[in-house]
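Chemist: Before I ask anything, here is the structure I am working with.
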Protein chains: 4
Amino acid sequence: MDELLIVTTGGTIDKVYFDDKSDYQVGEPQIGRILQELGVAFRFTVIPILRKDSLHVTAEDRELMRATIAAQPTRHVLVTHGTDTMVETAKVLATIPDKTIVLTGALNPARFRGSDAEFNIGTAVGAVQSQPGGVWIAMNGRVWDPARVRKNVAANRFEALG
Amino acid sequence: MDELLIVTTGGTIDKVYFDDKSDYQVGEPQIGRILQELGVAFRFTVIPILRKDSLHVTAEDRELMRATIAAQPTRHVLVTHGTDTMVETAKVLATIPDKTIVLTGALNPARFRGSDAEFNIGTAVGAVQSQPGGVWIAMNGRVWDPARVRKNVAANRFEALG
Amino acid sequence: MDELLIVTTGGTIDKVYFDDKSDYQVGEPQIGRILQELGVAFRFTVIPILRKDSLHVTAEDRELMRATIAAQPTRHVLVTHGTDTMVETAKVLATIPDKTIVLTGALNPARFRGSDAEFNIGTAVGAVQSQPGGVWIAMNGRVWDPARVRKNVAANRFEALG
Amino acid sequence: MDELLIVTTGGTIDKVYFDDKSDYQVGEPQIGRILQELGVAFRFTVIPILRKDSLHVTAEDRELMRATIAAQPTRHVLVTHGTDTMVETAKVLATIPDKTIVLTGALNPARFRGSDAEFNIGTAVGAVQSQPGGVWIAMNGRVWDPARVRKNVAANRFEALG
């Protein structure tokens, strides 16, 4: 993998804190800064498509993601996405041929101490260049087939479908 | 200073993140854990009175803080508090005699990378044992007289009253 | 991947700081604590074989690693190792059949702010369950074939063999 | 306190890690970057005099510190210093009249997660503007009179002289 396309859509990974009076908001995508500071040995391009909580991602948003990714020649694609509807988006992206696409995100914002963001991005980066093709979800240290995983909302973690 | 009384009331310093669907909430007081991990050379007791955004702190809440602190024999007192009405609370506590009381808090939650929480607690701890008495506010690296400081909400920082 | 065998051998990733008078030393393996705090959705066992700077790893040490890993039934194996001779060790482990083995480590100790440790472990975890078999090196965000990578010591990074 | 003079002399607080082959070394002073990122509400000037482990600080070095500080008009002075001989240096600086001088440092490098550096700098900043004059040591959350404190090397902490 010499080049990675990164599509950002918002979610917890990019949440920031402004002040006492405002809630948490989805801020600038963090992944570009993170990969740059880590000194990765591949080129990457970040396309910031959306900045949404994934509960608010619509069918139109998913079609936009699909079309944007399909239009790029890059074979390896990483998508950062909110966790609540990540599986749903993964299923829409599964119609894109001839690419390896990995979705990831975070259960705690990247700007938090102890966030899972860097680790999850690492898992996604390791998977995207090792999987022969298809769409995958990298969360909780696993590379999941979207057809066989769900987010357990109460436990706040991804787990195999029963 | 051999002993420090710590009264916690909530505010940004203790804000935590639960999940995509909920907002930021004021969580467990962080200061006890922080001081313990740092290995401070004084005894301290934490009294968690409130767990509120300071915009919601009422006159009754302030009277409760005042009475609680006045009832304790400890001379040195540190209060963690939301920043928006910290000055107002400080003025109420100024009626307590024979103590040095320092209020502090944070502009970014203690659990964030780069938070000002540890530094502010340090400033408060340094001030509380160095000031001869009275009520002080430790924010932005300054030990302020409550009568001469305000929070500049737009700039999100404390500054001298003009 | 339901189970991961982790073999730790020392290196920068585990370096700790004691005090003014002592140098940096290789301490307790960090990877178990890191994976536990992150809440990964797979079982793992940590076998701490060595605690060495990789410059001091001998042929006997490598044979010990090879024999230890070969003796375990687990298919997926992650090895933490110092970076200076990681490629050399990878070539020795390449004789083990029927496993996917990924070596990783860090250019900055895991206990440093901004360390690459968590990200590298993520990359290794993503690769180990995605690669069909063989031995790989996960460093600088790439999953390298040990025959085609070297550490550029002056630049302190891994790069493709010219 | 509108202005703070900061004199840096090295010590653990500024230690950095280069690579597998080198030991820990005393690097660039960290305090200026830290105060800037925290957004402190006072002006400060950093004079980097030395970059030494405090075990190697000589009588000549201490005379240089004394003369440098005495020559500056600033009333409030913060000195970062290695912990092993911090008390000895404090006693030399005690001959400087008409200033409040606080020495601080760290038991763990500022670049480590969980370092005491930011907290200690906070304690020093709180003390330097609250003490009426003289020389003080801010370590382990206490503002110590140099005549009544020692570093317990075995326990790696400062404690009251028995």
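Here the Cβ of each residue, glycine as well, is placed from N, Cα and C on the backbone.
According to TrEMBL, the protein has these features:
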ACT_SITE  B:Thr12  active site, O-isoaspartyl threonine intermediate
BINDING   B:Ser54, B:Thr83, B:Asp84  substrate binding site
DOMAIN    B:4-155  domain 'L-asparaginase N-terminal'
Chemist: Could you state the whole-number distance in Å separating the C-alpha atoms of B:Thr83 (substrate binding site) and the residue listed as 'active site, O-isoaspartyl threonine intermediate'?
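Modeler: The separation of the Cα atoms works out to 8 Å.
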Chemist: Give me the non-local Cβ neighbours of the residue listed as 'active site, O-isoaspartyl threonine intermediate': same chain, 6+ apart in sequence, Cβ-Cβ under 8 Å, ordered along the sequence.
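Modeler: Residues satisfying the criterion: B:Gly82, B:Thr83, B:Gly105, B:Ala106, B:Leu107, B:Asn108, B:Pro109.
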Chemist: Along the domain 'L-asparaginase N-terminal' (B:4-155), what average pLDDT does this model show?
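Modeler: Mean model confidence (pLDDT) across the domain 'L-asparaginase N-terminal' (B:4-155) is 95.
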Chemist: Count the other Cβ atoms sitting within 10 Å of the Cβ of B:Thr83 (substrate binding site), across every protein chain shown.
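Modeler: 26, counting other Cβ atoms within 10 Å of B:Thr83 (substrate binding site).
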Chemist: Once near-sequence residues are set aside, which residues in the chain of B:Asp84 (substrate binding site), 6 or more away, have Cβ atoms under 8 Å from its Cβ?
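Modeler: Listed in sequence order, they are B:Asp53, B:Ser54, B:Leu55, B:Lys151, B:Val153.
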Chemist: When you measure from the Cβ of B:Ser54 (substrate binding site), how many other Cβ atoms are you left with inside 10 Å?
Modeler: 24
Chemist: DSSP on B:Asp84 (substrate binding site), three-state: which is it?
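Modeler: Reduced to three states, the DSSP call for B:Asp84 (substrate binding site) is coil.
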